[in-house]
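Everything below concerns the one structure shown next.
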Amino acid sequence: MRLRNKPWAKDKIAAYPQYVIPDPEARRGRWHELFGNDRPIHIEIGTGKGKFITEMAKLHPDVNFIGIELYPSVLVSALDKLIESELPNVRLLNANAKDLTSFFADGEIARIYLNFSDPWPKKRHEKRRLTYRDFLALYDRILSADGDIHLKTDNQSFFEYSLVSLSQYGFVLAAVQLDLHRSDIVGNVMTEYEEKFSAKGNRIYRCEALRPPQQS
């Protein structure tokens with residue numbers, strides 16, 4: 001993904017601490033205080049320009065959403081959507097997914113969305129894939145006992161890799177769609193990438209994976 005440089009992005013993000021939380025470590029285990037309720041928390045890793053998370057928040061006011069994006073020049077687009085919509089159940093983080101356990105306590109998150117993650121196709125970059133086992137270990141920690149992961153991609157190789165990685169780690173595959181837009185799934189909210197890829201006729205792959213059963 002080629003990113004357009006926006007040198008003003010960090011300053012704009014800093015100007016809206018009510019939307020882009022500047023100190024997520026201080027919120028660890030206390031995100032419900034920020035939202036002012038005990039509703040479940042869903043996070044999107046790689047929230048991009050924010051179309052998915054803002055639309056989901058409108059459709060599901062009974063859920064709190066946190067979008068995580070590494071690149072400030074991308075996150076400002078999500079911030080603009082949040083400023084315009086003033087959705088009370090969305091917050092954003094300009095952060096790296098490697099630090100998830102610094103931001104969220106064990107069992108604090110009900111669902112993780114991985115939408116069109118970078119597939120990092122080269123073998124030497126395997127550890128960067130968001131479904132590599134080291135990332136799955138982070139997800140396992142922050143997910144609640146009945147928590148799950150929802151993944152979508154147009155990259156067949158990455159999808160197949162993810163299914164194997166999730167299964168080997170112990171996640172339970174609860175749903176697998178090999179052609180999402182020709183399936184019977186209801187209520188699918190598309191991301192910017194999903195609209196772009198599906199318009200080209202690309203097949204969209206999707207799966208749901210339940211957190212590994214815990215030893216009693």
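Cβ from N, Cα, C; glycine included.
As the structure is a computational prediction, the values presented were derived from the model and not from experiment.
Copied from Swiss-Prot, the annotated features are:
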ACT_SITE  D118  active site
BINDING   E44, E69, N96, D118  S-adenosyl-L-methionine binding site
BINDING   K122, D154, T191, E192, Y193, E194  substrate binding site
REGION    124-129  region 'Interaction with RNA'
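All features noted in Swiss-Prot, drawn onto the structure.
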residue	record	Cβ contacts under 8 Å, 6 or more apart
E44	S-adenosyl-L-methionine binding site	F52, I53, F65, I66, G67, I68, I112, Y113, N115
E69	S-adenosyl-L-methionine binding site	G46, T47, G48, L75, A78, L92, L93, N94, A95
N96	S-adenosyl-L-methionine binding site	L70
K122	substrate binding site	none
D154	substrate binding site	F116, Y193, E194, F197, S198, N202, R203, I204, Y205
T191	substrate binding site	G48, K51, F52, N115, F116, K152
E192	substrate binding site	G48, K49, K51, F52
Tertiary contacts of the region 'Interaction with RNA' (124-129) (same chain, 6+ residues out, Cβ under 8 Å):
117-118, 135, 158, 161-162, 165
Looking only at DSSP and grouping its letters into three states, which state does E44 (S-adenosyl-L-methionine binding site) belong to?
strand
Number of helical, extended and coil residues in the region 'Interaction with RNA' (124-129), per DSSP:
5 helix, 0 strand, 1 coil
The one of D118, E194 whose CB sees the fewest other CB atoms within 10 Å, among these recorded positions:
D118
Cβ within 8 Å of the S-adenosyl-L-methionine site centroid (E44, E69, N96, D118 excluded): which residues?
I45, G46, T47, G48, I68, L70, Y71, A97, S117, L130
Could you state, as a whole number of Å, the largest distance between Cα atoms of any two of K122, D154, T191, E192, Y193, E194, the listed substrate binders?
25
Tally every other Cβ atom lying within 10 Å of the Cβ atom of Y193 (substrate binding site).
21
Arithmetic mean of per-residue pLDDT over the region 'Interaction with RNA' (124-129):
97
